[in-house]
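What follows is one structure encoded as structure tokens, with my remarks underneath.
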Amino acid sequence: LAHGAGGKATRTLVEAVFVDAFRNPVLEQLEDGAAVSVGGARLAFTTDSFVVSPLFFPGGDIGDLAVNGTVNDLAMCGARPLHLSVGVILEEGFPVADLQRIAASMARAAAAAGVEIVTGDTKVVRRGQADGCFLTTAGIGVRERDVTLGAATVRPGDAVLVSGPIGDHGVTVMLARGELDIEADVVSDTAPMHGLAAALLDAAGDGARVLRDATRGGVATILNEIAGAAGVGVVVDEAAVPVREEVLGASELLGIDPLYVACEGRLVAVVDAARAAAALAALRAHPLGAGAALIGHVADDPPGLVLLRTAFGGTRIVDLLVGDPLPRIC
Amino acid sequence: MTLATGMKGTAVRARFTVTGIVQGVGFRPFVHGVATGLGLAGSVGNDAAGVVVEVEGAAADVDALEAALRERAPALAAVETVTRTALPATGAVGFTIAPSDPSAPGPRTLVSADTAPCAACLAELTDPADRRFRHPFVNCTNCGPRLSIVCDVPYDRATTTMARFAMCPACAAEYHDPRDRRFHAQPVCCPDCGPTVRLDGVAEDALDRAVQRLAAGEILAVKGLGGYHLAVRADHEAGVARLRAAKHREDKPFALLAGDLAVADGLVRLDPVAREVLAGRRRPIVLRPRRAGAAVAAAVAPRTAELGVMLPPTPLHHLLAADLGRPLVLTSGNSSEEPIAHRDDDAAERLAPLVDGFLTHDRAIRTRVDDSVVRVARGRVVPVRRARGYAPEPVPLGFRVLRPVLACGAEQKVTITLAAGRRAFPSSHIGDLENLATLRAFTDAIEHLGRLFAITPEVVAHDLHPQYRSTSYALGRDDLEPVAVQHHHAHVASCLAEHGWGPDDGPALGVAYDGTGWGPDGTVWGGELLLASLCAARRVGHLQTVGLPGGAAAVRAPWRMAAAWLGAEGRDLAVAGRHRDRWDAVTTLAGASATLATSSAGRLFDAVAALVGVRDTTTYEGQAAVELEQRVDPDEHTAYPVGPARDGVVPVGDLVAAVADDVRAGVDPGRIAARFHHGLADATVRAVVPAAAAHGVGTAVLSGGVFVNQVLTERVRAGLEAAGLRVLTHERVPCTDAGISLGQAAVAACGGRPVAPGEGEGS
Ligand SMILES: [Fe+3]
Ligand SMILES: [Mg+2]
Ligand SMILES: [Zn+2]
Ligand SMILES: [Zn+2]
């Protein structure tokens, strides 16, 4: 079963099983979180599960990953994050010291993001039934802005922005597994992006179309989802995509494409071209967005596809992948 | 006439139904000529199935006509069947040509391939007294453009890109005269009524000026039959180097246009088979060993021992080559990786930065058709790319396809195949599907060929690889029933299909050696022994596996395969020294749990090419193996030994170790290359012969892109034949992934059971 790597396989699984079973208009939008109203209050609600190996890696661990991931899902709905819950599944024999370390990390991340972890649950399963520690966080936030965000609002001519160099988190985790004996000076980008998102939304105003955090499947998957949902083409300029030297080097060695590598503190934004310069400036003015870049634009053709303009002026189709990338060339 | 018939005996009457490519190829004038020559009465006409001839006369003359139908058909015809029905004589006199009935239902004309000028047209081209003297578009029913200009069926002038050119009275008279060579030649034209050649938009002296500018070393875009070429003097160092830089093409050899066989003979060594195919009507690029001292610029084909040469595919090219008096580089009009430009507006936009000028004309190209490529080695014509001059000719099948099939090919060198009845129609070369333009050509080919051949598929065949774009396309066709065909089964089946195999024919022992293909066990296959029929396949052996460090990155970097095979033990070798900073990391990556394992023969060639210093990284598919083969020392006859196969696994690691030892010992790379080729060939024979015996199989099939390599192919063939096996190799479609769609179509048409992983597998 190739349903772990993000991208098309996960998407197919989700659509086949859950969307079908739970069918409702909010879920069917398949955005990062749900925009709901409760007694007149405009809320955002989201949940995410975290399984990562190793649990501790340069720049973070599963704890701050779980807090930031849910904070970011709320931020991508244009909401201010407020309260989080956490569910913990532990494998029997999991070291208490590690658990304390994870808890401390979660507390620090929550404080930094200005949210409170207000409820939780812990289960211990028998050895072998889980891999150390799994976390599930859920969160609610309040939507204070009067903007409608969503892939369906994207239209031809819009600009595509990314808030910083891509692939840091995924490459860090791959190398941290230690199997490869490869050293690279790279740390996870895990960070809470609600402040960054707010800065962008302030600058873009009603020109903001959609925000996504480029987690599993990376920027390529996000852009494919947007192209598919909006029925538009997305054209990315390869030379404009920010990637750190170290990440590029490690990716080349591992034979992976940074466009497909997960980030945990990078957002992709589509904004009206007229507001692109302002939005980009706002991102760059924020500490988390110093490396932001305009990487491409939305086109009416080809609908549903993402194209990469290569250095030689060629165009390559950037697919929504089924599972891990397999060699396609002979 | 009646008296003569009477003297020979009682008149008989017969109807002949002729099927195949028999319309639009001058078949009716041909029959008219034969019948009137024999003094037969009757008629000839087209119908839905082909050509129908009714004749009446002396029995011997009717028999002679039948023989002529079977054996003397016009150049572009391909007669598949001739059926004879006896009728009562009616006392008819005279012979008539019945007009076509455009409303006739059912399967129609098979569109033929684009064809080089025939001898009669060439004679007119060079005859100052002829009205078509130096007319760049001279053609007749025996030659000229076909597939590239056909927009729709039925095949008629109105449905080609010649529709906008109204025939002058002289051309119209030829077109309507059943005795004329141009009777119903749809593209017929002359200087008065045909297309106009222009250089940078100006018609006056366009050809003369083009020749002058080429002579001066300029690069011109030249509109050919199926697309634009880029042309530059082959001996012009600066011009060729400039073209290479402009195309972003680092190493892949450029093809050459030679004006005639004598010029070609000065470039490459020709043998009778090579001469025949070079000068034949299909006009492929022919790959042959280059002559020492061939007057071509170094940048034409860096580091290769072969050159690709073609003779003029159109009258326009004849004039260019003759006037220039020396060979031209003639390479496809594109930037690397993109499909060849064929629409004028697109060409003007995309090629402008690459060229100094445009030699173009106003006959539109409907369908992009690339140059075909063949290798001629040891008297065999080995298809490398099947396009102009070959497509869209059908491959006759050894069985009837009950439900029409669309087969979508693989990912690189893609072709599609439509199969219905007893025919499969492989498309012309389309290209690598990673480009949007290529993907569009792919969907256009599916739609256009379906209409031309009136095939509405019910089944769609695709590769097992979940990430090929052709797979995505196939699975997106909700209207068709999908059949997944494993890559190497498709390779073997493509060869079986072109040799007339049917679903009831038992299995053959298939040797599928190629770069990569997805296996049903979640590893990357590519060095497979399959017990395969068209209906099913089972893996009965394979090359020893090794990690593919970095997936696609390993395919582009042969040195990684050397690292994968040798690991830390290879550290002392020159190849490790050249990649010191990453050697250890890549060897660990090769052994990592997440790294895919591969049995690929292509990757084995890569490892050896890197070890002997032939090539560390590649810029086009198969480059390392091509260059390694060209290094083979023909005087070296020994082979590296390979241990016996165990559980079907051929221990080719022995070859890598032996190569490394000889590299350390300073043995000449040409001798190492030879010993490696021989060792792999011998190990293959040693694995195939007992497997064939164990399964009671008398036929072996060699397919997969690695068998473009003729040193390997011929040694394997010789070994297997010496052991009493019949050996099938490709003659119609390439052994590369360009042949995959034909194999998929055949398998899907036969029910397409999944490949069994086979015995001795640890999956
Ligand atoms: Fe292949
Ligand atoms: Mg999420
Ligand atoms: Zn002719
Ligand atoms: Zn005319």
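Glycine is treated like the rest: Cβ placed from N, Cα and C.
Feature list (source: TrEMBL):
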type: DOMAIN; residues: B:13-99; note: domain 'Acylphosphatase-like'
type: ACT_SITE; residues: B:R28; note: active site
type: ACT_SITE; residues: B:N46; note: active site
type: DOMAIN; residues: B:204-389; note: domain 'YrdC-like'
If you draw a 10 Å sphere around the Cβ of B:N46 (active site), how many other Cβ atoms fall inside it, taking every protein chain shown into account?
25
DSSP three-state assignment for B:R28 (active site):
helix
If one measures from the C-alpha of B:R28 (active site) to the C-alpha of B:N46 (active site), what distance in angstrom results, rounded to a whole number?
8
What count of other C-beta atoms do you get within 10 angstroms of the C-beta of B:R28 (active site), across all chains shown?
26
For the domain 'Acylphosphatase-like' (B:13-99), provide the mean pLDDT of the predicted model.
91
So, by DSSP, how many helix, strand and coil residues make up the domain 'Acylphosphatase-like' (B:13-99)?
25 helix, 38 strand, 24 coil
